[in-house]
């Protein structure tokens, strides 16, 4: 019902709309309308009311990350058409998994949260998730006929989409670190996590999670040299609903490219935007640690490291660090 109120207010943006008109439209009392208006004001909507005149929405919403505002900005066919919203949750990845278990028709659905208590990245690392400042999303994708070995292309695609969306907000120098971080001047601004389920080597679904540092003005002391945000880089307070809708638009186009041209097209874009190749790296894993020069990625997206003329393939690693 809030969406109907917002529809009416947006149709009359900057103009008063009478309580009687709203009551007739929604079939509820003036008191019920007032209570809903108060709830919208708490979310951040600049709504004013005058007795015997009605209500006015003074300006378009700024940085209100709720499904209504995301849908207003969406320009996609699949991704984001279903939105599950949480003010607080343990992890959007967990909520997405629960959603898949109880409902088969969830292709393209996204789970968003204002705050996570146990947000996570690769290798079960905890992701700092303060309330109301950043973007925390998990996207459900059910590809048709995709081999599980191709799932790294999904990780690359969402990283590219984030990089392209960051450019829309003035962060022009974002680069992608293998395999899943988006960096600005070697500081992390976004991270990606892809978890998959497969049958006989074919993906049944993928949950594509990403967290973006958006409007954080300060980083904790232990992260100042390791992480950054759009606000820190540009000084601009970003509308997160617009940022998210742009990411979904770019990602959907990249998935179409993947279907049409194959993963090589995605890998070529990753090469264009990466900050890893040509640099000396230290690779840490459960089995071994070694250093060398990141030479390229192979046909599967795995990192090729040159160790004194010998090429070692990195399929997964606990950490890949740059060595100055």
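The backbone N, Cα and C atoms fix where each Cβ goes, and this holds for glycine too.
According to TrEMBL, the features are:
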type	residues	note
DNA_BIND	19-38	DNA-binding region
BINDING	116, 120, 121, 122, 188	biotin binding site
DOMAIN	59-259	domain 'BPL/LPL catalytic'
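Long-range Cβ proximity for residue 188 (biotin binding site), meaning a same-chain Cβ under 8 A and a gap of 6 or more residues, is found for 181, 182, 213, 226, 227, 228. Sequence-distant contacts of the DNA-binding region (19-38) (same chain, six or more residues past either end, CB-CB distance under 8 Å): 1-2, 4-5, 8, 47, 49, 54-55.
DSSP assigns residue 116 (biotin binding site) to a strand segment in the three-state reduction.
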